[in-house]
Amino acid sequence: FIFFFLLLTLSPKPLQFSPKSSSETETDPSSPRSTMSKQTYRVCFCFRRRFRLAVAEAPDEIRGFFNRYSENGLMSADHLRRFLVEVQKQENATLEDAQAAINSLQELKHLNILHHHRGQSLNLETFFKYLFGDINPPIDLKRGVQQDMTAPLSHYFIYTGHNSYLTGNQLSSDCSDVPIIQALQRGVRVIELDIWPNSNKDGIEVLHGRTLTTPVELIKCLRSIKEHAFTASDYPVVITLEDHLTPDLQAKVAEMVTQTFGDILFCPDSDCLKEFPSPESLKKRIIISTKPPKEYMSAAVPKDAQEGDSQNGKTASDEEAWGKEVPHLEGPASGNDKEDEDDDEEDPDEGVNRFQKSLAPEYRRLIAIHAGKPKGGMDECLKVDPEKVRRLSLSEQQLEKVAEDRGTDIVRFTQRNILRVYPKGTRITSSNYNPLIGWMHGAQMVAFNMQGFGRSLWLMHGMFKSNGGCGYVKKPDFLLKSGPNNEVFDPRATLPVKTTLKVRIYMGEGWYYDFRHTHFDQYSPPDFYTRVGIAGVPADVVMKKTKTIEDNWIPVWNEEFEFQLTVPELALLRLEVHEYDMSEKDDFGGQTVLPVSEIQSGIRAVPLHDREGKKYNNVKLLVHFDFV
């Protein structure tokens, strides 16, 4: 009792004894949103703490903007248009756009749109709700695809999955078509399938070889791909096959693929492409990419060694759902590289192996993007052939190692050819790595475990919010062009600051509606703070944080952060909200990642997402973005 008495008397908040239950609140019916005004928490069986709960109010700076762009307390459509042009930097905003914004607010019954002789107008409350509403996002996804889609596939970053059929960890989870469907619905454009003979050697299954994963039939995966391939995007889906089949089973695969996809299957006219076709020319097409099967070659290498999927060693350091930070890109590659050193794939076009010569011809004709590593080490791997293009696969560790002294060779290779990067084998919990290691070297297919939720995957989600979420993002020009002396972008070079991004975090709201009232703290409202920072090239990487606002469901920070960016084209803005806990690990309160190149200037409502990347119904931040 002494402890609880001190807790009550020393609390910085006004406290009252109350007979109400710990979850009971009082509401103020006169509030336009019926926002709760008081909330009571149970401290022990006889004491309760009651807190006054603030209503979301416009920060002083928002009030200032309203006063500047209104007259007699009313903002007309013309006033709003000026605000959109001058503050929101929407230079092409019209009077019709402003009127449409006002009209959209009429659908919200609790808001009062005022009418007078100059037409409909906003007062301060409705202006604030407009800024903090869903119709004012930081990225305008409604614009759709904005980039040129007529360049070769090698000119794009492509939303890529790894072991797309796994429901969980790499060692013992079920194989299913469900994660494939979920990936396609999110916009993933590259699906990986490992195909093996079934137990009777007369059929084909999809599973992670030499593990305890339970298989799923190949035909089921193919049918699901066909059904869901273009629900999120019309641009092509690439199926990468890790092939462990005999020629007779390859012929069965060819028949399955041909019958399932029919006319939407892209089959090239020649055995090797001189240049990859464009995403635009391949709309609503399925593309097959694979390499010669190793299982039946004289020098067979199991996939666990080929792709660094050995189950030996400790799990990766960033496997927690959200608590571990994204690994830095600086310094030499860490961990055991032995598992990747034996990845000595044959060139599929050499035809020197007798098993390769027996490759089923109908199967070979389906392969549009040829994959494989030529003999001769990394010199041959990164050699650019002007007569044909191909796909090369490297593990994250191999890429880090090669990038230490051959970064420009990788960039030059990826200007014409496709580089796929995949997770190291010790990531048995399906964690992921820092995708920037691939993107800054021009790698098109940075393959991720889409079920491996965490900060690395949040970066992947953020990158592919670009370009209307179509799954293809045009690489920056500096990764595609060579200089007068054939020089290319050097990922390790020190570059001057190109632009500065200012981010002012005003406030946040919505947790009260999306979480239980005791989710964050049993005895008081939450203590929120925001982490804000940049993921990008090493020189641009930084994380900062706001102060902690105690005991408030609607925290107001009003803090500004400045980020100097040397490569803004690859920069991603990270926003995370956490709830401070003195005695335990801080609680998670939401996150989002935004591509800096697509952020709209001005005051924006930024919706937050859960650990799995699903948008909360109500949780959002009010943020002012400014580029200088």
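Note: Cβ is positioned from N, Cα and C throughout, glycine not excepted.
Annotations in TrEMBL come from automatic prediction, not curation.
Annotated features in TrEMBL:
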type	residues	note
SIGNAL	1-17	signal peptide
REGION	16-36	region 'Disordered'
COMPBIAS	18-35	compositional bias 'Low complexity'
REGION	295-356	region 'Disordered'
COMPBIAS	338-350	compositional bias 'Acidic residues'
DOMAIN	393-479	domain 'PI-PLC Y-box'
DOMAIN	481-610	domain 'C2'
The domain 'PI-PLC Y-box' (393-479) - residue tally per DSSP class, helix then strand then coil: 38 helix, 15 strand, 34 coil
Segment-level pLDDT (mean, integer) for the domain 'PI-PLC Y-box' (393-479): 97
The domain 'C2' (481-610), counted residue by residue under DSSP: helix, strand, coil: 13 helix, 59 strand, 58 coil
